[in-house]
Amino acid sequence: MTMESFHSVAIIGAGLSGLYAAHLLKDRFPDVVVLEAQDRVGGRIKQVHDMAPWPIEAGPEFVHGRNSVFVRFAEQQLGVKFGEKAWPDWWYFGEEVGGQGLVSDQDVDDEVDKVHDLFGDCGDETQPPPGRDLSAAEWMATKGCTNRQMAVAEACYANDFGCSLRQLGLREMIEENRGWDSGETYLLMDRSMGAVINHLARGANVKTSWVVSSIAYGGGARPDAGVRVCSADGRVVRCGAVLVTVPVTILQQGAITFSPPLPAAKTAALSRVRMGNVVKVVLSFSRRFWKEDMYDVVCPGAFAPEFWMLKYPPTKPGAGTPYCVVGFIAGERADQVSAMGPEAAQRHFLEQLDEVFGSPSDPRPASSSVVKGHVIDWSKEPYIRGAYSYPSLGAELGDRAALASPVSGRVFFAGEATNEAVNPCIQGAMQTAERAAAQIRAAVDAAAAAAAKSALSKL
């Protein structure tokens, strides 16, 4: 027997954008329901416990810029305090890229500064013509960049975007640079990002382990139940509007079917916008072998292009150790690490840390004091299948708007990949929730006005 429920609005996905949209819509639509495929809420916000006395973030860990909706919400709703950090903090140059060793960001050479200037000012570049995008690697070659500068950009910028220089597209890089309005500093919360998720989830009607398999939006006799959302196990939700917030990979790989099929403009955009993978290698140690005020190191040419050592107020005193290092590896390099497996990934990262921090008196500080390791591979998450979208080589202007565009006044879309400013950060996801919530309210108002006008015409 088919189990059905009826709701004004159904939201697919209990990540940050889905939960925030539910938060924005619940006063207008008290029966809004959130359908989540996983057995937990949070989406790409997730924690690893017992590595440290605080939760280690498996997903986003930094807030990029103070001028963001995420910061305002967390401060106003939860009283979160944010600490600001300059980025990058330190660099490590091995023999293959000049052999300078550890260098503070204040002491880097002109080659590094040129890379910062190039990427910081890319919004001033002329947009490539349609169909003729350049990769960041090709663009840097036209600027006469050296191999060392390419390595710096690969570790500092491409890895942060979640891809490689070969995957990074100039057209969307320009749009991202022109649209960025959050500020340049990195912010750290005084608690886990899970606190924001838990706050939003407490006020939402969330159904977990609800795997959506199909969405039919062709119409129906009931105006408030014109969309039929089906689960893989036969459950059905009927609703007047559905908001889809799943990662772009889920739509690209056909995990959810639509009837009728999505418009050609949307499927074309889906074929061009990409989402890379991220692997985090987390290691805990019995002692600290780095400078106490050091929090982040960018490593051109190394196994892990970036790693950091963060401390938070303890939430589980005695759990794990307070000495943890997180290696951040994205894009094509992450795919290679995923293929080698977790044990090899931990071994390579230990070797890198020994090289960076070793000394004649302590040549293997990491290997000699490692306690525990954990590898987070986002490509292995079945309902996410990657990390976040990036300025994609070959994407066209208007692709993000096409991904964001509602269909038939009933099917709406949110999530960082639908951000028209190509902002894949957590504030970018929340901005899309604000936009989608406004679209849903406007569509319902328009439908109600049309129904009232039709009723009057029959009198």
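Each residue, glycine too, has its Cβ placed from N, Cα and C.
All TrEMBL annotations are machine predictions without curation.
As recorded in TrEMBL:
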{"type": "DOMAIN", "residues": "16-440", "note": "domain 'Amine oxidase'"}
{"type": "BINDING", "residues": "SER17, GLU36, ALA37, VAL212", "note": "FAD binding site"}
{"type": "BINDING", "residues": "PHE328", "note": "substrate binding site"}
Cβ neighbours within the same chain of GLU36 (FAD binding site) - under 8 Å, at least six residues apart: GLY13, ALA14, GLY18, VAL206, LYS207, THR208, SER209, TRP210
Count of other CB atoms lying within 10 Å of the CB belonging to VAL212 (FAD binding site): 25
Longest CA-CA distance among SER17, GLU36, ALA37, VAL212, per record bound to FAD, angstrom: 17
The residue listed as 'substrate binding site' to ALA37 (FAD binding site) - Cα separation in whole Å: 26
Neighbour tally for ALA37 (FAD binding site), based on other Cβ positions within 10 Å of its Cβ: 23
Listed in sequence order, residues not in SER17, GLU36, ALA37, VAL212 with Cβ within 8 Å of the centre of the FAD site Cβ atoms: ILE11, ILE12, GLY13, ALA14, GLY15, GLY18, VAL34, LEU35, GLN38, GLY43, TRP210, THR245, VAL246, TYR383
Neighbour count (Cβ, 10 Å) for SER17 (FAD binding site): 30
Other CB atoms, at most 10 A from the CB of PHE328 (substrate binding site): 20
